[in-house]
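What Swiss-Prot lists as signal peptide is 1-23, and the listing cites sequence analysis. The substrate binding site feature in Swiss-Prot is assigned to Tyr82, Asn127, Ala128, Glu129, Asn187, Tyr251, Tyr353; the stated evidence is similarity to another entry. According to Swiss-Prot, the feature active site, proton donor maps to Glu188, an assignment based on sequence analysis. For Asn197, Asn276, Asn391, Asn434, Asn466, Asn516, Asn601, Asn676, Asn714, Asn719, Asn758, Asn804, the entry in Swiss-Prot reads N-linked glycosylation site. The active site, nucleophile feature in Swiss-Prot is assigned to Glu287; the stated evidence is sequence analysis.
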Amino acid sequence: MRIFSFLFLLLLGILTGQGLVSGTDNGKTTDVTWDKYSLSVKGQRLFVFSGEFHYQRLPVPELWLDVFQKLRANGFNAISVYFFWSFHSASEGEFDFENGAHDIQRLFDYAKEAGLYVIARAGPYCNAETSAGGFALWAANGQMGNERTSDEAYYEKWRPWILEVGKIIAKNQITNGGPVILNQHENELVETTYDPNHTLVVYMKQIAQVFEEAGIVVPSSHNEKGMRGVSWSTDYHNVGGAVNIYGLDSYPGGLSCTNPNSGFNLVRTYHQWFQNYSFTQPSYLPEFEGGWFQPWGGSFYDTCATELSPEFPDVYYKNNIGSRVTLHSIYMTYGGTNWGHSAAPVVYTSYDYAAPLRETREIRDKLKQTKLIGLFTRVSKDLLKTYMEGNGTGYTSDSSIYTWSLRNPDTNAGFYVLAHSTSSTRDVTTFTLNVTTSAGAISIPDIELNGRQSKIIVTDYNFGTNSTLLFSSAEVLTYANLDVNVLVFYLNVGQKGTFVFKDEPKLAFQTYGNSNLTTSESSYGTQYSYTQGKGVTAVKFSNGVLAYFLDKESAWNFFAPPTTSSPQVAPNEHILVQGPYLVRGASVNHGTVEITGDNANTTSIEVYTGNSQVKKIKWNGKTIETRKTAYGSLIGTAPGAEDVKIQLPSLDSWKAQDTLPEIQPDYDDSKWTVCNKTTSVNAIAPLSLPVLYSGDYGYHAGTKVYRGRFDGRNVTGANVTVQNGAAAGWAAWVNGQYAGGSAGSPNLAATSAVLTFNSSSLKDQDNVLTVVTDYTGHDQNSVRPKGTQNPRGILGATLIGGGNFTSWRIQGNAGGEKNIDPVRGPMNEGGLYGERMGWHLPGYKVPKSASKSSPLDGVSGAEGRFYTTTFKLKLDKDLDVPIGLQLGAPEGTKAVVQVFMNGYQFGHYLPHTGPQSLFPFPPGVINNRGENTLAISMWALTDAGAKLDKVELVAYGKYRSGFDFNQDWGYLQPGWKDRSQYA
């Protein structure tokens, strides 16, 4: 026994020395463990630097890899993913995980290929500004009873979903060679009562049980909805339902798109919160502000300068590191598009979110700044085990500076996170920082914070064998252990940096660049000081260390592409590249370093591989002219796209057809669904009978068309109330004549109007009231009175002047819950006649009876038109050119406009509400090389008519790319088939 114990301890010591650690596990797997410091995967501590990504909001699976490569290149090692029940289940008992973007196996495969772990978040409720919070729309009509509780009716609905999606998640766990390391239970569910029999506790236990049935063994997690409660932590009132890893969501910015001086107030109480409520677990922020959503009538994301500023990640994300957070997920990192009718009413078509990666997949400065943090955390292993040594304003010579002081108890490495105490200030402050090192107390001079700037100052920072920084006032971006140890610093131009190598004599060095290095002696070693010049400076030291000094702009274009596919990248498993817009990947083969990437403009490219046998650079498969520097790097030129002229076709050949024939009294609606219910499963009682809630008749997303009949000439009008979400308008006609309606309001989900009937238009019998309603989504759970169950459609309709309606019929999207277009899915289309007939689909042949009219002509009264055109693109094969459609309308226009590209509804334009008028299309929805079908539906909300004054294709940026955008997207664009049965 003693021999066994000795051998066990010896082995443990060896494993610990190799960086392998043990920790708490969940009793199901030891592949993912944790302690109060960090998560560990396969025995290796990991700083989880994750980005939120929603595959549903980018319906081209091949582009998921494009996004993942960009995240990996910019320092991320994980993605957090919602799986929306609504996207996969058009009707009860039916689940689609195969067609198009519904094939989530490809999501896991691409994540693994890109080198990213996955945090799975399947709900069943998600929120996420998506329609009904991600609940299947067929169930969001009251039939689930008390949602998000242990109600049996609810349980019976969500259980099949979690079982089905859970099996796929389970197949892709780290234990099975997949990328999934955490599985979230529910979403922001506040634990209101600590009682083992409480319905929420029972509900969370049910979720855990069903995930276990599905085969999930990785640790569970949950995300607290801000500091509003303490929920599901094993360290606080654990009466059941607790998860393994507690997390806290936080959106602290308080920023304004219209006032650049608002907000920017840091939260400095995260550490105390986690110490109080999850002290045996690592500090986890499952959702930390990567931007913020904008409502109908709000601002457009491109105008939100404060949200887009790189100052935000620099200050806020470093503050989180100072708070000892080691699981950090940014919501959103790529937002995407609320295409079709997938949005909740709180947002419009774009879900750009002012995220680091633009909706068009373009890299913002915000992402470039985020990369500096991601690459730092990737190599800074001592950061993964620290305690809070202290914090406050007493660490510097200036009390306006706030400091977090973290210490690794094993290595004595220190991390001092600095920011202005008043985080919103724009003051420039120079000060001295007092630090504790292995050489004693040291005062580091001439540290500057330029307004909304933060810095992480390291002490006793190891960056390779026999290589340690005693301290550095320049920030460390990353380091590499190659043939020599390579250290990369960054500062703003003009800022001063000072560093000391631990236990090193005065070193000789050679400088290459604009930043001049000087030395001075001290009791703790030679100090090396410099003022950051513009661009890149390399310094070769006599101890072999190579140091790069980068200004911020150069750091933004600095990459460390891994040479491993693992999300965990050791310092000897990446090379260093400076210059291009994006470096997707790199490898060394037969004396050549092969790099794939993207460039907007031609740039220099410098590569350090640490391999003296490497003589050439291949950029996107082509060898470029290369020279070798005195310090061992290779330099060449990476071509860009600045000389490429993008000529987009004008859209001047349109055909138009009536998309509201139902207005006419003689329209045949005999095959429509009869509205004859006198009771509803919905707990909200209708204002009149019969029930006219669209969900009760199997129509959920998109436009609805109602036709109600009544008799008599004495009726003077009708009182109608419609509820289809914020900003949703509606219009009504009696026997073909416009009778009124509502243009909708961003502040109202339901609107009422008293319709006025012209007596001359009425008949003794069989008058027809046609009501056409727009739709902006189902509410999320937090919206009163009943959240996702708040009904859609007509809440009430009564005649004025005597009598009742004799009948009602409804028509919605073609097929209702049948999901006749499984590739695009159940939320793409609504019930406009042109949609039901498939006029928006590729291959539809416009009849000769269609008029030659464009959206610029519009309609003169309360009418609707469906406009179609085709155009061809022939972009170069190696180009990524995001393309969108710019719309405009005369002031005062009140209309509902939809944009369809190759069958996908990728634009919902309300010119009277705004703010969005520019709608981008990703490749795969638009064909960059080939024919495209563009359709625009437009119906006027008043008898003043409606038209557009701008309809033109626009290009965003243009990039020479190593990614294959020249693919056959045909499988994503199923064509037209006869739909006459849905008239």
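Every residue, even glycine, has its Cβ placed from backbone N, Cα and C.
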The one of Asn187, Asn714 whose CB sees the fewest other CB atoms within 10 Å, among these recorded positions: Asn714
Proximal residue to Asn714 (N-linked glycosylation site) among recorded positions Tyr82, Ala128, Glu287 (C-alpha distance): Ala128
Candidates Asn197, Asn276, Asn466, Asn676, Asn758 (glycosylation sites) - the one closest to Asn434 (N-linked glycosylation site) by CA: Asn466
Pairwise CA distance, Asn466 (N-linked glycosylation site) versus Asn676 (N-linked glycosylation site), rounded so that it is a whole Å: 82
Residues Tyr82, Asn127, Ala128, Glu129, Asn187, Tyr251, Tyr353 [recorded substrate binders]: greatest CA to CA distance in Å: 19
Proximal residue to Tyr353 (substrate binding site) among recorded positions Glu287, Asn391, Asn516, Asn676, Asn758 (C-alpha distance): Glu287
Asn758 (N-linked glycosylation site) versus recorded positions Asn197, Tyr251, Glu287 - nearest by Cα: Tyr251
Minimum Cα separation from the residue listed as 'active site, nucleophile', reported as the residue among glycosylation sites Asn276, Asn391, Asn516, Asn601, Asn719 that achieves it: Asn276
Nearest recorded site to Asn601 (N-linked glycosylation site) by CA-CA distance, among recorded positions Tyr82, Asn676, Asn804: Tyr82
Rounded to the nearest Å - Cα separation of Asn676 (N-linked glycosylation site) and Asn197 (N-linked glycosylation site): 41
Conformational class of Asn719 (N-linked glycosylation site) under the three-state DSSP mapping: strand
Asn714 (N-linked glycosylation site): secondary structure state under DSSP, collapsed to three categories: coil
